[in-house]
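What Swiss-Prot records for this protein:
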type	residues	note
BINDING	ASP21, ASN23, ASP25, HIS27, GLU32	Ca(2+) 1 binding site
BINDING	ASP57, ASP59, ASP61, THR63, GLU68	Ca(2+) 2 binding site
BINDING	ASP91, ASP93, ASN95, GLU102	Ca(2+) 3 binding site
BINDING	ASP127, ASP129, ASP131, GLN133, GLU138	Ca(2+) 4 binding site
DOMAIN	8-43	domain 'EF-hand 1'
DOMAIN	44-73	domain 'EF-hand 2'
DOMAIN	78-113	domain 'EF-hand 3'
DOMAIN	114-149	domain 'EF-hand 4'
Amino acid sequence: MANKFTRQQISEFREQFSVYDKNGDGHITTEEFGAVMRSLGLNLTQAELQEEINDSDLDGDGTINFTEFLCAMAKDTYSEKDLKKDFRLFDIDKNGFISAAEMRYVRTILRWKQTDEEIDEIIKAADVDGDGQINYREFARLMMAKNQGHDTKYDTTGGTLERDLAAGVAKNIIAAPMTDFIKNLFEALFS
């Protein structure tokens, strides 16, 4: 189901779009998308980059325009493959955990406006085992809880990852670009 965006959200999405649209021509190419991913330490192959672009390229021109970007932002379901990609995006040092410092780094690169305190709140909300960082299971549980309409600020422990993923598959999950995941994570925790 597509979301109806507020003017503020559209403005924020336009700013996010400009992070990727380096030359300002109104289209995100695989090269531009790849440059942002590499700046975050994620070295996707050309085929993976093209697949990410194709997931949102509604008119088939090989790029993502702002309207297509908004459509991608409106998607609210994800696949396990996308969960893993997004987890890798945040896990800068590739140690299997997302720290507050890594989340702040991604925030800086993608020009998000969350404060350090809000980042700490995200970590605390997702950190089920209390070790001060987010492992993959905690990340997936947080995203699946958000996906199923739970209040992710307080409900991150309900169910198992396997059950949550099975529920998602049963709903015919539609693959969404990783920027969609990350943006929705921040919006879900602070809306």
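Cβ coordinates come from backbone N, Cα and C, glycine included.
Tertiary proximity for the domain 'EF-hand 1' (8-43) is limited to same-chain residues at least six positions away from its ends with a CB under 8 Å from its CB atoms, namely 49-50, 52-53, 61-66, 69-70, 73, 85, 88-89, 92, 105-106, 109-111, 113, 179, 183. In the three-state DSSP scheme, GLU138 (Ca(2+) 4 binding site) is classed as helix.
Around ASP25 (Ca(2+) 1 binding site), no same-chain residue at least 6 positions away in sequence has a Cβ under 8 Å from its Cβ. For the binding-site residues GLU32, ASP61, ASP93, GLU138, counting C-beta atoms within 10 A of each C-beta gives the highest total at GLU138. Rounded to a whole value, the Cα-Cα separation of ASP91 (Ca(2+) 3 binding site) and ASN23 (Ca(2+) 1 binding site) is 28 Å. GLU102 (Ca(2+) 3 binding site) is 15 Å away from ASP127 (Ca(2+) 4 binding site) when you measure Cα to Cα. Neighbour list (ASP131 (Ca(2+) 4 binding site), Cβ cut-off 8 Å, at least 6 residues apart, same chain): PHE97.
Nearest to HIS27 (Ca(2+) 1 binding site) in space, judged by Cα atoms and limited to the binding-site residues ASP61, THR63, GLU68, ASN95, is THR63. ASP91 (Ca(2+) 3 binding site) falls within neither a helix nor a strand when secondary structure is assigned with DSSP, and so counts as coil. Note: the Cα of THR63 (Ca(2+) 2 binding site) and the Cα of GLU32 (Ca(2+) 1 binding site) are spaced 10 Å from each other. According to DSSP, the secondary structure content of the domain 'EF-hand 4' (114-149) in residues is 23 helix, 2 strand, 11 coil. Shown in sequence order, PHE97, ILE98, SER99, ALA100, ILE123, ASP127 are the residues of the chain, 6+ apart in sequence, with a C-beta less than 8 angstroms from the C-beta of GLN133 (Ca(2+) 4 binding site).
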